[in-house]
């Protein structure tokens with residue numbers, strides 16, 4: 001574990017196996033310096049346990065950085081459930097997962113992520129109180145965080161377009177959206193309403209047809225979506241979409257999407273910088289969902305207040321772009337340094353208080 005390339009002095013990594021339900025899961029707590037580690041639970045059919053561990057370690061670190069950069073009083077964690085999970089066992093698996101979360105006594109607060117729904121979180125909540133992403137009361141934020149994530153990505157794209165293209169609006173801006181899950185579809189709606197032109201792709205042809213019909217989008221194959229001649233590429237599927245090969249062949253001037261861990265390697269980020277392609281660091285631009293979750297956890301979840309915090313993602317990114325340009329540095333390097341400094345300062349305060 002300690003030699004794993006994605007291990008980053010994580011506070012705790014819990015390997016979970018429940019024979020009765022068949023649950024196999026990993027809960028990675030990267031940091032609790034800023035507060036309880038918050039992050040979603042992903043259910044995915046991983047090729048191996050090694051890949052599942054890598055995902056949990058990388059995603060939990062990303063959550064620490066995301067929460068720090070969003071100025072949230074929370075650390076970073078992530079859980080992965082190894083799929084597939086048969087339908088007849090799903091309820092038992094989720095209840096067992098809830099018990100595993102509960103065993104951490106509040107060090108980790110879970111929520112929905114890829115492969116997990118609000119309905120699933122209600123099942124998890126039967127066996128632990130350390131769960132968020134449940135249905136919202138009228139006038140309050142809560143439930144599915146996807147609309148908030150999409151809104152944050154939209155304001156982030158606006159900031160990137162302003163920084164790179166000198167434009168204060170999105171009318172006529174061409175955006176290629178990879179992945180039409182909840183967030184990707186909500187993002188298409190946000191962009192369409194502001195006059196952007198959409199090119200989309202997803203592995204689900206019915207979803208592609210729906211989005212094309214609703215938002216006058218053009219569809220292309222999933223293999224070609226990232227290489228379209230557009231202003232903005234928005235990765236909204238799984239992580240690692242921007243490999244060094246893809247980075248060297250991109251025809252866009254901006255990469256700004258909702259996916260986590262968009263850069264497959266550090267080299268991919270360097271290539272983007274060398275080619276003058278502006279990259280919006282993923283954990284900054286996609287923080288809208290966790291901002292909503294933080295409000296739900298704290299009880300300070302007035303929807304207008306949450307939306308104001310989500311909209312602050314735009315100015316935050318513009319500041320990163322400005323600092324990167326001034327320092328002749330990569331945007332992701334600047335953001336990483338800012339996040340690490342925030343976490344280190346919090347750890348120092350904890351040490352002083354001990």
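Here the Cβ of each residue, glycine as well, is placed from N, Cα and C on the backbone.
Noted in TrEMBL for the protein shown:
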ACT_SITE  78  active site, proton donor/acceptor
BINDING   179, 180, 181, 182, 183, 184  NAD(+) binding site
Compute the C-alpha separation of residue 183 (NAD(+) binding site) from residue 78 (active site, proton donor/acceptor), stating it in Å without decimals.
19
Compute the centroid of the Cβ atoms of 179, 180, 181, 182, 183, 184, then list the same-chain residues not in that set whose Cβ lies within 8 Å of it, in sequence order, for the NAD(+) site.
146, 185, 186, 187, 202, 236, 237, 258
Between the residue listed as 'active site, proton donor/acceptor' and residue 180 (NAD(+) binding site): CA-CA distance (Å):
22
Determine, to the nearest whole angstrom, how far the Cα atom of residue 181 (NAD(+) binding site) is from the Cα atom of residue 78 (active site, proton donor/acceptor).
20
To the nearest Å, how far is the Cα of residue 184 (NAD(+) binding site) from the Cα of residue 78 (active site, proton donor/acceptor)?
21
Rank the binding-site residues 179, 181, 184 by how many other Cβ atoms lie within 10 Å of each Cβ and give me the one with the fewest.
181
